[in-house]
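Engineer: Starting off with a structure, shown below.
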Amino acid sequence: MNARRNLVVGNWKLHGTLAGNHGLLLQLITNLKGLNAIDFAVCLPYVYLFQAQQLLAGSNILWGSQNVSQYDEGAYTSCISAAMIAEFGCRFVILAHSERRMLRLEGHEVTAQRLLRALEGGLTPIYCVGEAQAERDAGIAEDAVKKQVLNMLHSLDDDAFVRAKQCNMVVAYEPVWAIGTGQHASPQQAQSMHAYIRQLIATRDPAFAQRVRIIYGGSLSADNAYAMLEMPDIDGALLGRSALVAESFTEICRIANSLALEAHQQST
Ligand SMILES: O=C[C@H](O)COP(=O)(O)O
């Protein structure tokens, strides 16, 4: 653990019903009350953002969307703009998730435009990077991640970079082979990649690199959360399946919160 304020985010992906969300969110509000050493958020399908706003406003749980359009307005059927998302009180937006990249729905250029729109709209991007299994097997995991991080950094001009720093943009390391497979990266593998991503960000801004939150996603569960989150460069988690069960999400948040309290005590 480290001095950065850790962040646990649930990415609900294509899950939810009005009734089910209601129960889950109320349970999370109760369970997470009083855990104040870290930040928590849920990123829901667009159609549930209003419900999240109604239920979560006033709680210590933030919320966000799972994507945003590269367009502000116009004849773009089905697109949702940053301004629309912001109207529902969202803090976060997940960008560049591998499930979007793999389905070939978004390449680098589109993602770069979405990143700019999110920042202009006052949202905090959670920008995902991560290598595929074949890239890890070929020993080029770092190269693959480097390309994605540098693409992200290059897509930010100076004004956008200032916005990214002001809103505390988040980076998520999600090895593609670990997502939804039950096979998480080892704490050492993840730590090493997080430290590497931090180094890459330092090439643009060493001070921001020290404070940017780099969170881990990929089969993180209550069973492996302690080992992952105690690593010095892992600043929280992006959860898929574990975010859909109140007990799992709560347990991971409790682990992160107590690690943060321990780190705070050690530093004082
Ligand atoms: O955005 C979340 C990740 O894709 C992780 O999903 P998972 O926890 O189900 O492996």
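Keep in mind that glycine also has a Cβ here, set from the backbone N, Cα and C atoms.
Keep in mind that this is a model prediction, so the values were computed, not measured.
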Engineer: Among SER59, SER155, SER219, SER221, which residue does TrEMBL annotate as binding substrate together with ASN11, TRP12, LYS13, GLY180?
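Structural biologist: So the substrate site in TrEMBL includes ASN11, TRP12, LYS13, GLY180 plus, from the candidates SER59, SER155, SER219, SER221, SER219.
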Engineer: In whole Å, could you give the widest CA to CA gap in the substrate site formed by ASN11, TRP12, LYS13, GLY180, SER219?
Structural biologist: 14
Engineer: Taking only the Cα atoms, work out how far GLY180 (substrate binding site) lies from GLU174 (active site, proton acceptor), in Å, as a whole number.
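Structural biologist: So the Cα of GLU174 (active site, proton acceptor) lies 11 Å away from that of GLY180 (substrate binding site).
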Engineer: Please report the Cα separation of SER219 (substrate binding site) and GLU174 (active site, proton acceptor) in Å, rounded to an integer.
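Structural biologist: Rounded to a whole number, the Cα-Cα distance is 9 Å.
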